[in-house]
Amino acid sequence: MTSVANSYCQSELFDDALELFEEMKCADVEADKFVLSSILSACGRAGNLDYGKAIHDYIIQNGLEVDAHIRCALVTMYASCGCMDMAQQLYDQMIPKNMVVSTAMISGYSRHGRVMDARLIFDQMVEKDLVCWSAMISCYAESDQPQEALRLFKELQILGIRPDQVTMLSVISACAHLGVLDKAKWIHVYVDKNGFGGTLPINNALIDMYAKCGSLERARDVFEKMTRKNVISWTSMINAFAMHGDANNALSFFQKMKEANVEPNRVTFVGVLYACSHSGLVEEGRKVFAAMINEHKITPTHEHYGCMVDLFGRANLLREAVEIVETMPFAPNVVIWGSLMAACQIHGETELGEFAAKRLLELEPDHHGALVLLSNIYAKERKWQDVGDLRQLMKERGISKERGCSRIELDSEVHEFLVADRNHKQADEIYKKLDEVVRRLKLAGYAPNTNSVLVDLEEEEKKEVVLWHSEKLALCYGLINGAKDSCIRIVKNLRVCEDCHTFMKLVSKVYGREIVVRDRTRFHHYRDGVCSCRDYW
């Protein structure tokens with residue numbers, strides 16, 4: 001029975017493994033610890049918490065001994081199913097704790113974004129193998145702490161532990177999230193020196209990494225040098241062009257992909273439609289959407305309909321965007337309402353935007369984006385009582401507006417800035433430089449745009465707030481410390497506001513500098529007073 005159960009689990013036939021256990025119970029065959037461990041493993045890998053709990057109850061009700069083997073299987077099952085409180089309770093009872101179960105705990109906490117809990121387990125481990133290190137690096141990479149992931153990878157190197165492909169994929173992902181080109185170059189050199197450069201998944205990840213670090217040229221270079229390409233390779237390159245606003249190349253590569261007899265998948269079409277929507281190519285987007293259904297027989301998902309709503313919405317074809325929402329074969333989800341809401345925000349369609357935000361909140365009452373939009377709508381209409389009520393509601397629910405944060409790397413060190421940040425060691429110099437930049441830009445016609453400051457402040461106070469946005473501080477740090485002919489690269493966690501967008505364009509012209517800003521959704525390449533997005537973002 002044990003060998004059959006193991007065989008089912010190894011073949012990922014988890015339902016068969018559970019059915020086998022039911023047959024054993026019906027035949028009054030008592031399961032031993034090895035069968036129970038295999039069945040618990042099947043529950044964990046299938047994410048079947050209810051059945052896992054039933055096995056746990058079976059163990060207790062039949063007075064079976066919970067030895068280290070069973071306890072390990074239970075902890076792993078609960079952690080795999082996301083029931084971390086129960087997993088932790090059983091884990092605490094384990095003496096000694098082995099690496100396998102500790103790694104399962106780290107992975108479990110990682111899936112739920114509980115980084116500190118994962119790190120506590122990691123730090124308490126006496127011995128650590130590569131799997132454990134990889135799990136912790138992955139935890140940081142997936143939890144918006146890319147610098148910690150890279151720091152841990154350096155520790156791994158110091159200890160002389162050789163990473164495997166799984167480790168490297170997490171490290172490349174962390175680097176992509178960080179968005180710093182120098183780090184990306186270093187990782188690429190490491191990949192090639194250590195024999196990972198020939199593998200398809202690694203090369204696909206490198207394309208994505210370079211694209212997210214602002215270098216389409218390097219992403220394309222990796223792609224062109226690949227001896228073998230799959231649908232992920234082509235899709236990664238199409239997505240790279242899309243996020244940089246190069247819709248023509250995205251469409252060109254889509255055509256080349258089909259000529260190479262590589263069948264596009266659902267994700268490919270999301271990338272192509274995204275490229276169309278962010279470049280205002282409405283007719284091309286219509287054709288791609290129709291071809292997806294009629295030629296490639298792919299049934300559109302919420303994400304594809306969301307792209308179409310976004311396509312029409314950005315182009316100010318809101319009636320057609322609403323028509324998509326109303327005629328979809330399934331109920332709109334958070335993504336759909338969010339796309340419509342964002343379009344209304346761009347074009348100042350207050351009434352429809354409020355309607356979309358309220359529909360979104362019916363599906364997800366704590367959606368901070370919708371609550372912030374409603375607050376902004378009320379602020380624009382100077383309904384300060386409604387603004388206050390909404391913000392009080394957000395405070396009571398523990399919902400806060402995400403603070404603007406920008407990163408810039410110089411001399412292999414990453415510097416982070418928040419709005420009105422004065423914590424940097426060069427803060428006085430940065431604000432002095434900002435004053436100088438503003439004076440020079442005003443001579444070129446710049447006037448601070450305070451429309452994005454939606455709080456009840458005097459106009460002069462609003463001007464100060466908008467001038468202290470994090471990307472402006474990062475830019476001034478780059479102007480002070482970077483080489484005069486170097487490109488200034490900034491990563492922003494939110495959408496760039498209108499004032500900062502204008503500010504960057506003027507700085508690129510007045511100071512003769514190339515500036516690249518990655519915001520939440522795309523890249524902006526500023527040269528000679530012009531942005532690559534053509535002010536369509």
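Quick reminder: no glycine exception, Cβ is built from N, Cα and C everywhere.
Now, the feature entries from TrEMBL:
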type: REPEAT; residues: 1-31; note: repeat 'PPR'
type: REPEAT; residues: 98-128; note: repeat 'PPR'
type: REPEAT; residues: 129-163; note: repeat 'PPR'
type: REPEAT; residues: 199-229; note: repeat 'PPR'
type: REPEAT; residues: 230-264; note: repeat 'PPR'
type: DOMAIN; residues: 445-537; note: domain 'DYW'
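In terms of DSSP helix, strand and coil, the repeat 'PPR' (230-264) has 26 helix, 0 strand, 9 coil. For the repeat 'PPR' (230-264), the residues of the chain that approach it from at least six positions outside its boundaries are 200, 203-204, 207-208, 210-212, 216, 219-220, 223, 271-272, 274-276, 278-279, 281, 284, 288, 296, 521-523, 525, 532-534, 537, judged by C-beta separation under 8 angstroms.
Residue counts of the repeat 'PPR' (98-128) by helix, strand and coil are 23 helix, 0 strand, 8 coil (DSSP-based).
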